[in-house]
Amino acid sequence: MEAEPPLYPMAGAAGPQGDEDRLGVPDGPEAPLDELVGAYPNYNEEEEERRYYRRKRLGVLKNVLAASAGGMLTYGVYLGLLQMQLILHYDETYREVKYGNMGLPDIDSKMLMGINVTPIAALLYTPVLIRMAQKYHEYSHYKEQDGQGLKQRPPRGSHAPYLLVFQAIFYSFFHLSFACAQLPMIYFLNHYLYDLNHTLYNVQSCGTNSHGILSGFNKTVLRTLPRSGNLIVVESVLMAVAFLAMLLVLGLCGAAYRPTEEIDLRSVGWGNIFQLPFKHVRDYRLRHLVPFFIYSGFEVLFACTGIALGYGVCSVGLERLAYLLVAYSLGASAASLLGLLGLWLPRPVPLVAGAGVHLLLTFVLFFWAPVPRVLQHSWILYVAAALWGVGSALNKTGLSTLLGILYEDKERQDFIFTIYHWWQAVAIFTVYLGSSLPMKAKLAVLLVTLVAAAVSYLRMEQKLRRGVAPRQPRIPRPQHKVRGYRYLEEDNSDESDAEGEHGDGAEEEAPPAGPRPGPELAGLGRRPCPYEQAQGGDGPEEQ
């Protein structure tokens, strides 16, 4: 039986096919080298480059969606657990059964303190979204960068459209976490609650006439106590969702950045790490935005305690709390997409529009006192909650996008958003300390802060149009005199970039185009550190 010829001819020896293939090219040792190692004849370099950067852009979008979904699930689980435990521990019977006569004081007010840090969780993703937007611009305009040179920075503000889109996507997901947090209450806890005729029996005034939080609210809100097994099942499901969110972020966003893109903290110095956030306050742009940072903390907690509790639960009962927060969540999620109008409208419009919505609602709430145990006005509560969510979404999206546009340098973003988080946390804690104030006093503080924030922001935009240059602190350059694992640095971070290079009042400018000094001039042939690799340089700049 005749053997079948091999599917592929073996290199180096003549097979049954002969010494030449169909194209007449000799096989075996006489085959030309170019035919073995040369380029593929149908290879299209431009098409392959286009496909490569298309995959890169899709990877950035995947990271944005994964981070958004992970943030929504994580925050939703945290808020859902907090809300459920807060209601359970408010009930006197539940506390007596759980703690007995251990002598523990009422912990419902201490549980309420946990809500103070919740709005900060979402903002931790903001610097990540800025760097994804910068990468997406780089992958979308790779041809322009090839013509300008690999190490030349893109024009300032060129990534702003992508940043605005990514912020709108993230916050549309994130505000849905308020709705996700209500699922345990709708499908589990509501079955154990008394109706409004029992819980609101001693409530005399609501809304603008109320004092504190739910004055006169009944101390027993549970008809029957949930079984421990049922509570364990619900909490286990929520923790499984949180674990799934962690795997989602780690699995899809784990390789979003190379380690060399981050700053080596040792090269900057831990002392400077703690000082630089305070030194950035010398920038007039941040000083003008501080009132908005404070108001951002005020308005989020007012939505949860003022509208939802002081106006909602106080008049229509605890069993409708979940639906009020769902209305707030859906309004905020839908309005986050309105931030895309910033692609065509002037920059101040979304932020000022959100402030205008809250200003109008604050005036209306200042003169409205809903009657307890009357459901005819419940639709007004849902509309007010949804509209407050619209203003909150425009506030959060506008502030985060504005900071990303004003401070696009990676080494400054963490310090800038640290200041944002600090002021917001201070504002939220202040609201907690003043929770016993009358509702009119709370609305007055909210109104004054909102007006001051809007005026201060418009003043900042006016200075920018006049060309007033901001004064920024100098980010210390990494020093390479190494003793052990510590860098010995000589830079003075108190000196601003303007004072050190161009004189007082001048903004830091990009280095001129042209070849950078080689390793022999910059560092005597040493290898660039991670900070320099992130900046695209070959060594430390000349002092």
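Just so you know, glycine gets a Cβ as well, placed from its N, Cα and C.
No curator has checked TrEMBL annotations; they are predicted automatically.
The shown structure was predicted, so the numbers you read here are calculated from the model rather than taken from an experiment.
According to TrEMBL, the protein has these features:
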- 1-36: region 'Disordered' (REGION)
- 60-81: transmembrane segment (TRANSMEM)
- 111-130: transmembrane segment (TRANSMEM)
- 162-189: transmembrane segment (TRANSMEM)
- 231-257: transmembrane segment (TRANSMEM)
- 289-309: transmembrane segment (TRANSMEM)
- 321-344: transmembrane segment (TRANSMEM)
- 351-371: transmembrane segment (TRANSMEM)
- 415-435: transmembrane segment (TRANSMEM)
- 441-458: transmembrane segment (TRANSMEM)
- 468-543: region 'Disordered' (REGION)
- 519-528: compositional bias 'Low complexity' (COMPBIAS)
Stretch contact, the transmembrane segment (289-309) with the transmembrane segment (321-344), Cβ-Cβ under 8 Å, 3+ pairs: yes
Segment proximity, the transmembrane segment (60-81) to the transmembrane segment (231-257), 3 or more C-beta pairs under 8 Å: yes
Feature contact check the transmembrane segment (162-189) with the transmembrane segment (441-458), CB under 8 Å, 3 or more pairs: no
Same-chain residues at least 6 beyond the ends of the transmembrane segment (351-371) whose Cβ lies under 8 Å from its Cβ atoms: 205-210, 292, 299, 306-307, 311, 314-315, 377, 380-381, 384, 387-388, 390-395, 398-399, 402, 440, 443-444, 446-447, 450-451, 453-454, 457-458
